[in-house]
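These notes concern the structure reproduced below.
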């Protein structure tokens, strides 16, 4: 069984790397590359969950034998999905959609370079969605069949600990991805940097070679799929019912589904996981992007900071949840009551999402129907290109859209590779000699430290409940309905995972104050500036509301669990020999 646990743990590490890790850290990079809005990125995550749900539904009724082969096949599909996902990176002609040129200052020469529109890249979105749908199909066995395999081959007390170890390894995947991504994102998109491209990893418009992480993840998935697929079939199941299960029929299908659907405790715990799932996936997908936008830090630092708290918080929470079950060996009622109390604490920890910095808006441009325009006629006189978003800081206080938009005529490169600008219009600077620096003005906002600490506490309380919920689910279902119940529960959870990022993506777009213009298009694309107050509220309020509903469902499960105990006690009194 230890060999099986090792293979399954390695597989869940790879799967979590490519789902919880890769997609979450690549959100802002993909938005900039293909000029998508947050709402569009949510569709990629939705397609993953659609594939997962369809696969889980099928596996729950079909798989009775050769379970390791199904898991191995799933890992091979993850490899295929990774390769499909990065196909657009080899098709897109030019990642530098902003059109940044070597000279960014005011000029008397008009910029009449030929441009082309990149906004109609919905074909790329369809390919990426297809890739993640395949990954979802391949990931489903790891969350249904693998759990059932461990449950069948361990004692009830060991089952919780084994599940805790298994899902703790799942938390290591994103950890590895966040660390690897922080280095890979600094590599130019085409590996070799274009000599005319002045962008560097410190710039907001930088797009690194994110696709390398999918090549790495796909290779690992392919490597582990082989030993799992050819693993000996003669595993000595503690409960031989799995290998001797009845063949599925329509009548049996209906009977099992009805028994699962009428189990009150199962339904209530699944509803709690549904509301938690909406919140968790919305935060998980957009936390790195939220940290980058709210605290104005680079994408690699945002990925590293948010990744560390997610991974360490998840690992501690998941392992602690399994360990608590092992130590205390709670009965069903105490198990679900403890989970409900921890969930209550989790409501208050989510108030960390209200922490925010003061706004440091981009100046020099105004909304113009579905696009933006320069605020002053000076930009027109300087032949500034609205496509060249290259923020600069004046007097460490005010950020502007580009050095050209404030009339700067001199551009110098420093020893560290950064740019400074001078001879700017006195309408924006006190004297022409004032040095204007590359990048937004940095904000003295130390609240990010408090944000990260409280976010870590919130994540620990959230993940510590997962193993008890799964354990409780398996206890309230019998051997015949367990795999079906786990599959239906995962479908229920995956539906919530689809909903969470979609509404959160919409809220992100609603909080945007400036959308970057697309090349030669009348529409707009990814957001470059947010209203930080609206962004904070749009993240916090839905999360707290969903956590409250999840907690209510758990307390209802406690009530029905207690009622079930009274009914059984009464039956024993009436019929002592039962």
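Here the Cβ of each residue, glycine as well, is placed from N, Cα and C on the backbone.
Record features (TrEMBL):
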SIGNAL    1-16  signal peptide
TRANSMEM  38-63  transmembrane segment
TRANSMEM  70-91  transmembrane segment
TRANSMEM  122-143  transmembrane segment
TRANSMEM  164-189  transmembrane segment
TRANSMEM  209-231  transmembrane segment
TRANSMEM  302-329  transmembrane segment
TRANSMEM  335-355  transmembrane segment
TRANSMEM  447-467  transmembrane segment
TRANSMEM  539-560  transmembrane segment
Cβ under 8 Å to the signal peptide (1-16), counting only same-chain residues 6 or more beyond its ends: which ones?
-> 68, 71, 75, 78, 138-139, 142, 146, 149-150, 153-154, 162, 165-167, 169-174, 176, 217, 220-221, 224, 227-228, 231, 235
Cβ under 8 Å to the transmembrane segment (164-189), counting only same-chain residues 6 or more beyond its ends: which ones?
-> 5, 8-10, 12-18, 20-22, 24-26, 29, 33, 89, 95, 146-147, 150, 197, 201, 207-210, 212-213, 216-217, 299-301, 303-304, 306-308, 310-312, 314-315, 318-323, 325-326, 463, 466-467
Honestly, do the transmembrane segment (209-231) and the transmembrane segment (447-467) touch, with at least three Cβ pairs under 8 Å and pairs 6 or more apart in sequence?
-> no
With Cβ distances under 8 Å as the criterion, find the stretch in 122-143, 447-467, 539-560 that has the most pairs with the transmembrane segment (335-355).
-> 539-560
In the same chain, who gets a Cβ under 8 Å from the transmembrane segment (70-91) while lying at least 6 residues past its ends?
-> 8, 11, 14-15, 18, 34, 55, 59, 63, 121, 124, 127-128, 130-142, 145-146, 189, 211, 214-215, 217-219, 221-222, 224-231
